[in-house]
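Peer 1: Take a look at the following structure, please.
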Amino acid sequence: MVGMSGAYGGHSNGGESRAPKAAVVVGAPPPEMEMEMAGAMGVVHKVAAQPAQSTASKMKGKVKETFFPDDPFRSFKGQPLRAQWVMAARYLFPVLEWLPGYSLSLFKSDLVAGLTIASLAIPQGISYAKLANLPPIIGLYSSFVPPLVYAVLGSSRDLAVGPVSIASLIMGSMLRQAVSPSAEPMLFLQLAFTSTFFAGLVQASLGILRLGFIIDFLSKATLVGFMAGAAIIVSLQQLKALLGIVHFTTQMGIVPVMASVFQHTNETILMGACFLVLLLTARHVSIRWPRFFWISACAPLASVIVSTLLVFLFKAQNHGISIIGSLKCGLNRPSWDKLLFDPTYLGLTMKTGLVTGIISLTEGVAVGRTFASLKDYQVDGNKEMMAIGLMNIVGSCTSCYVTTGAFSRSAVNHNAGCKTAMSNVVMALTVMVTLLFLMPLFVYTPNVVLGAIIIAAVIGLIDLPAAYNIWKMDKMDFLVCLCAFAGVIFISVQEGLAIAVGISIFRVLMQITRPRMMIQGNIKGTDIYRNLHQYKEAQRVPGFLILTVEAPINFANTNYLNERTKRWIEDESSSGNKQTELRVVILDLSAVPAIDTSGIAFLIDLKKSTEKHGLELVLVNPTGEVMEKIQRANDAHDHFRPDCLYLTTGEAIASLSGFAKMATP
């Protein structure tokens with residue numbers, strides 16, 4: 001055995017072999033001894049090297065796995081040019097996949113679903129626009145154009161598009177820090193449109209550049225805590241409408257909000273309380289009996305109609321009940337001329353667009369995947385990012401603010417039996433009819449009911465069972481969840497989110513810099529070696545220290561691995577028992593997928609250190625990339641001879657134990 005590619009796990013014919021604490025055999029053992037060893041130990045397998053690849057080929061493979069893990073163009077191979085053009089058009093415009101086979105029966109289902117979600121979208125659109133400190137009409141505009149764009153570009157059948165509470169809250173709170181929506185309404189509106197443009201740009205860029213993995217930094221624990229905190233803040237902010245408070249705080253923390261509540265209560269809450277109870281009861285009924293989903297879906301619109309009639313009949317606006325006021329009829333007005341790229345506000349709009357874009361994108365993709373799994377079809381994450389991004393870019397030019405796939409609307413859409421994205425088109429057309437002809441009917445709609453609708457909608461974001469499961473599964477994840485919740489509640493929405501993301505990233509860094517390393521033992525009567533701490537029946541092998549690493553070895557963790565290994569060696573060497581005296585250190589690399597130059601330097605230093613102490617270092621089952629780096633290290637200096645490499649821990653122990661006995665006089 002000359003080259004590393006032909007290296008055997010046992011002792012080589014040409015290399016020097018040592019048996020610690022025993023006589024050293026120089027040169028190759030006699031043939032009769034070699035045969036005796038083979039018979040005693042069984043077959044010793046080779047540690048195979050990875051097939052040679054050029055650097056360009058490796059880079060191509062890594063780029064493909066990073067940006068195209070789903071290999072979206074694999075079906076193009078072997079197809080004629082015309083077919084490839086058709087497939088490319090269908091890939092870019094998913095509507096072409098289902099529209100040619102669309103039928104009347106499918107339309108009937110989509111019509112019912114579209115009308116149902118429209119009944120929810122109209123009051124929610126008005127409510128969420130007020131939550132973002134924008135004119136109510138902007139909420140309806142945002143429920144008209146974006147759904148049409150998504151129907152052409154989106155890959156989900158169930159996603160219902162429109163404004164959402166969290167993005168509305170974040171946009172309103174971030175922009176309000178620099179501009180007052182009441183003192184400078186036009187400037188505030190310009191900043192909202194510009195932030196929406198940047199949000200769409202971020203979202204579309206993530207999809208086009210295949211960078212969707214970035215949104216994975218928002219873990220489930222982060223989102224559970226963030227959503228719960230934001231839901232409480234949103235609900236408290238609606239106390240302004242429910243209690244009829246005129247001068248309400250602009251801050252988002254729980255302390256200033258509650259201070260405003262107790263200092264300025266001066267109007268009746270009877271109407272708000274009644275409609276809130278009605279909405280929560282309808283929501284409970286729909287959760288308890290899913291077949292009555294339509295009750296929860298129709299409750300917001302019914303509340304708007306009933307409350308508007310009550311205000312109109314009893315002239316309640318003259319008795320302290322604030323109303324929306326007149327809204328102009330007509331479709332979306334162009335707003336590309338209102339996009340503001342003034343350097344004074346550019347940083348604010350870019351930051352607001354980034355935060356709202358990432359949050360709304362995460363919600364939209366998560367909701368789409370959730371309902372796709374229920375119906376057993378695939379949702380392309382990158383297509384979704386491009387679709388959501390482009391609809392926000394178009395929306396920013398047509399008087400819309402940030403939109404995405406809303407969970408509440410999508411749940412109603414799913415339960416209503418939607419079949420395709422045509423339900424979004426039906427919803428958009430219903431909103432269009434409302435914008436053209438029905439806007440005067442909303443003049444007397446009381447703000448208190450809009451506040452009740454928002455509270456009823458966001459209460460569903462408080463997921464206590466999910467928080468409890470996180471607590472049971474992982475206390476560190478629960479800490480992340482708790483920090484996100486507390487940050488949103490006591491500081492602000494964006495700072496709370498930043499704190500939670502920071503803790504999540506810190507945890508990932510800790511896992512990288514402090515990887516799992518453990519001692520293995522043999523399960524008696526088998527050739528299986530497992531973690532001593534996990535498997536109580538596993539026993540140490542006398543004279544051997546078997547270590548395993550369960551992470552890539554790189555510059556960030558080599559110091560830790562070096563110190564941890566030396567400490568274990570010192571503990572083993574100081575036992576003082578001659579029969580179990582440490583002779584061999586086995587490092588199992590089966591769970592090490594990658595290694596860098598610092599990792600190779602760590603292995604070389606560890607080998608030199610063990611040799612100084614009269615010990616043998618053996619590497620077991622290095623994976624393809626690790627073996628390739630070891631080969632390259634051997635090209636310069638022969639650090640790892642073939643007799644240092646074994647395919648399994650069992651073969652290493654059998655080989656070294658047998659050879660050590662024969663080498664002892």
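One-based numbering along the chain as shown.
The backbone N, Cα and C atoms fix where each Cβ goes, glycine too.
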Peer 1: Look up transmembrane segment in TrEMBL and report which of 25-44, 225-244, 385-404, 645-664 it refers to.
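Peer 2: It is 385-404 that TrEMBL annotates as transmembrane segment.
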Peer 1: Match it up for me: which of 187-206, 587-606 does TrEMBL list as transmembrane segment?
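Peer 2: Going through 187-206, 587-606 one by one, TrEMBL gives transmembrane segment for 187-206.
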Peer 1: Any idea what the model's mean pLDDT is for the domain 'STAS' (534-656)?
Peer 2: 87
Peer 1: Would the transmembrane segment (385-404) count as touching the transmembrane segment (449-471), i.e. at least 3 C-beta pairs under 8 angstroms with sequence separation of 6+?
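Peer 2: No, these stretches are not in contact.
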Peer 1: By DSSP, what is the split of the domain 'STAS' (534-656) into helix, strand and coil residues?
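Peer 2: Taking each residue of the domain 'STAS' (534-656) in turn, the totals are 56 helix, 22 strand, 45 coil.
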